[in-house]
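**Q** The structure follows.
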Amino acid sequence: MESQSQRGQHETPKRSRFTGMFHKLKTNLVFRSKLAEINGAMGDLGTYIPIVLALTLAKDLDLGTTLIFTGIYNAITGAVYGVPMPVQPMKSIAAVAISSTAEDFGIPEIMAAGICTGGILFVLGISGLMQLVFNIIPLSVVRGIQLSQGLAFAMSAVKYIRKEQNFSKSKSVGDRPWLGLDGLVLALVCVLFIVLVNGDGEEEEEEEEGDGSRGRGRWGSVRKVIANVPSALLIFLLGVVLAFIRKPSIVHDIKFGPSKMKIVRISRKAWRNGFLKGTVPQLPLSVLNSVVAVCKLSYDLFPEKEFSAASVSMTVGLMNMVGCWFGAMPTCHGAGGLAGQYKFGGRSGGCVALLGVAKLVLGLVLGGSLVGILEKFPVGVLGALLLFAGVELAMAARDMNTKGDAFVMLMCTSVSLGSNAAIGFVAGDLLYVVLWMRNYGRAKPSSLPPQSGEHA
C-alpha cells in the first residue's frame, strides 16, 4: 500500500506538468475576438504573397510544399508563443535568388542558404548567445532597425500601389492605370477603407452615455459597428474574387491534390554558393529583425507573454533545418508581420494558428495550382495591406522621446535604409558607445536608452 501511495505521489507532478502544458496551449490558442483574429491573420499577406509568388515564378519554388510547411510552422508557433507570431520569407535570400540566374542560384542554393542560416540561429539560441546579444543591444538601436524595416515595407507598398509589378524579375514595369480591376483607384479605395475601419490603430475605450449625449452615443454605436468590420479579410476576399474575374480560365487550371514532396539534392557547389551568397547577407537580418526586433515588439504589444530570444532563435532554426530539405521556402519570424497582424486585430496565437490551418488545407487540396490565382491577385490590394503593416511597425519607435534616444535611432535608421540592416546596426551601436563615453561623468548626462534586455 505504501509503495502504491508513493508511486501515486511521484506520478502527481507528471500529471500536473501535462495539465499545465495543456492549459497553456489552450490559453495561447483562445481567440480574444473571433472576427478580429480572423481579420488579423490577413495582416501578414502583403509581405508573404509577393515573395512566395516571385520565387514560384522565377525559380520554380514548390508552392504546395511551401504552403504545407509554413502552415505547420504557423500552427506550432501560435500554440507555443500565444501571440500572432508571423512566419515570413527570408527576404535577403529571396532577393538574391530573384536577381540571379537559375544556374547561379537556384532551388538547391536557396535551400542550402536556408539550412545554413537556420543551423546557425539554432546554435546561437541553444547556446544562450542569442539571449546575450538581445540583452546588450541598446533599445534605440532596436528601434532604429524597426523604423527602417517599417519604412522599407511602407515604401515597397507605395511602389506596389503606384507601379505595375513583375514579381518574377522583382521590378516595376510601368505606371499603374487609374481604372481597372487592378487600378490605382481600387488600391486607394482599399487604403481609405482600412483607415475608415481601423483608424490610427489605437485601442478605443467604450464611452459611457450621459444625459444629453444621445446623439454622441448614437454615433459611438455606429463607430463601434464600423470598427468591428474585418477590413483586411474583406479586402483579401475581394482580391480573390477579382483574380477570378481577371482570368476566368483559372478555374480550369486548378488541380486537386498536394504536390509530391521530395528531398532536395544539394551539391557541394550549391552549399558553398548558398552560404556565401545567401546565408552571409541573411544572417544579420535574421538576428536583428527575426529575433531581436520581434521579441522587443512582442514585449511592447503583449507584456504579459514571456518568451526568450533564445527560444525564438531556436524555432526559426528548426523550421529551416526541417522544411528546406523538402523544398519549402526559407522562413523566419518578422517584426513587420507581427505589427501587421496586430494592426488588423490579431491578439493571440489562435490568429496565426488559423492562418496555418488555412495554408495547410490549401497546400493539401490545391497544391501548386494555387499559383494561377496568386498570379492574378491585384497587386495594388496587396500594397494596401503591406502599407499599414509597415506603418504599424515604424510606429513602435514613437517611445524614443528624448534627443539622445532619437539621435541614435534616426542615425541607425538612415544608415540601414541607405545600405542594409547589418551596417545600420553596427553604426547605431558605435554611435551609442561614443555618446556614452562623451557623456560619462556628467551630473546630468543626456538621455541614452536603456538596454533592450531590461525589458525582456
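Cβ from N, Cα, C; glycine included.
As annotated in Swiss-Prot:
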{"type": "TRANSMEM", "residues": "67-87", "note": "transmembrane segment"}
{"type": "TRANSMEM", "residues": "110-130", "note": "transmembrane segment"}
{"type": "TRANSMEM", "residues": "133-153", "note": "transmembrane segment"}
{"type": "TRANSMEM", "residues": "177-197", "note": "transmembrane segment"}
{"type": "TRANSMEM", "residues": "225-245", "note": "transmembrane segment"}
{"type": "TRANSMEM", "residues": "309-329", "note": "transmembrane segment"}
{"type": "TRANSMEM", "residues": "354-374", "note": "transmembrane segment"}
{"type": "TRANSMEM", "residues": "377-397", "note": "transmembrane segment"}
{"type": "TRANSMEM", "residues": "417-437", "note": "transmembrane segment"}
**Q** Excluding the flanking five residues on each side, which residues at least 6 beyond the ends of the transmembrane segment (67-87) place their CB within less than 8 Å of a CB in that stretch?
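**A** Tertiary neighbours of the transmembrane segment (67-87) are 24-25, 27-29, 40-41, 43-44, 258, 294, 298, 301-302, 305, 307, 312, 315, 319, 322-323, 326, 328-329, 331-334, 336-338, 340-342, 346-353, 355-364, 370.
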**Q** Are there 3 or more C-beta pairs under 8 Å linking the transmembrane segment (225-245) with the transmembrane segment (133-153), counting only pairs at least 6 apart in sequence?
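**A** Contact criterion not met.
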**Q** Near the transmembrane segment (354-374), which residues from the same chain, at least 6 beyond its ends, have a CB less than 8 A from one of its CBs?
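**A** Those are 37-38, 41, 44, 49, 52-53, 56-57, 62-68, 70-76, 78, 87, 240, 243-244, 247, 250, 253-259, in sequence order.
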**Q** Using a Cβ cut-off under 8 Å, which residues of the same chain at least 6 positions beyond either end of the transmembrane segment (177-197) come close to it?
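**A** For the transmembrane segment (177-197), the list is 160-162, 164, 226-227, 229, 231-232, 234-235, 238, 242, 245-246, 378-381, 383-384, 387-388.
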